[in-house]
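The structure appears right after this line, and notes come after that.
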Amino acid sequence: MASLSSPCFLLFTAILALVSWHALASDPGPLQDFCVADNSSRVLVNGFVCKDPKAVTAEDFFLAAKLDMPRDTKISKVGSNVTLINVMKIAGLNTLGISLARIDYAPLGENPPHTHPRATEILTVLEGTLYVGFVTSNPENKLFSKELRKGDVFVFPQGLIHFQFNPNPYKPAVAIAALSSQNPGAITIANAVFGSKPMISDDVLAKAFQVEKKTVDWLQAQFWADNHN
């Protein structure tokens with residue numbers, strides 16, 4: 001048997017730690033058929049407390065989302081509207097590690113650079129054309145991009161900055177995305193950097209972006225609206 005200080009034991013411990021960390025970094029896996037979120041519970045857990053299975057009904061797994069209906073893209077300055085169906089909309093998604101979004105794009109509209117800290121995304125174009133891409137982490141910051149047409153599919157790895165843009169100046173576009181978390185989260189880069197509350201110091205941002213402080217001040221003065229609903 002290997003001693004506690006042997007190289008084999010230390011290597012095994014390191015591998016076990018990495019595997020355990022990866023498991024904890026993902027959505028919790030279900031240990032039963034389902035764990036419908038009990039939104040009335042005051043208990044704070046990582047996710048949601050399970051509703052009594054005897055009180056669960058088909059309605060806990062259903063939402064009349066009307067995802068076949070176009071969304072208003074004029075309410076957003078960036079010309080897009082994201083309709084997210086996550087655990088806050090369907091309680092039955094709790095612990096199942098999946099959610100869904102419909103994304104409508106106006107002509108020349110975009111879903112601006114953003115990340116999902118807790119999910120990988122797979123997107124398919126239902127109507128129109130989209131220019132999409134993601135950027136890898138430092139130091140390469142390599143852009144992987146593609147122009148997608150109706151029926152095409154593209155994957156955005158978890159946590160990486162990505163975007164979608166409708167290059168057609170006359171026709172809208174529509175896409176459906178599946179995400180590998182019941183609550184994927186979204187961090188829109190421009191909103192987070194220039195629209196934070198309280199604001200990040202313009203000294204910090206001017207140095208980070210290598211621009212004058214008045215440029216940062218102008219950007220921070222803009223109205224950074226969310227395109228999610």
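Note that Cβ sites are derived from N, Cα and C of the backbone, with glycine treated the same way.
As recorded in TrEMBL:
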- 1-25: signal peptide (SIGNAL)
- C35-C50: disulfide bond (DISULFID)
- 73-217: domain 'Cupin type-1' (DOMAIN)
- N111, H116, E121: oxalate binding site (BINDING)
- H114, H116, E121, H162: Mn(2+) binding site (BINDING)
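Residues N111, H116, E121 make up the record's oxalate site, and a Cβ search at 8 Å around their centroid adds A101, H114, T115, A119, L123, F156, H162, A177, L179, P184, A186 from the same chain. Taking Cα separation as the measure, C50 (disulfide bond) is nearest to H114 of the binding-site residues N111, H114, H162. Other Cβ atoms within 10 Å of the Cβ of E121 (oxalate binding site), summed over all protein chains shown, number 22. Taking the Cα atom of each, C35 (disulfide bond) and E121 (oxalate binding site) are about 23 angstrom apart. With all protein chains in the displayed structure included, the most crowded Cβ environment within 10 Å among the disulfide-bonded residues C35, C50 is that of C35. Each of T115, A119, F134, F156, L160, I161, P184, A186 belongs to the same chain as H114, H116, E121, H162, is absent from that list, and has a C-beta within 8 angstroms of the C-beta centroid marking the Mn(2+) site.
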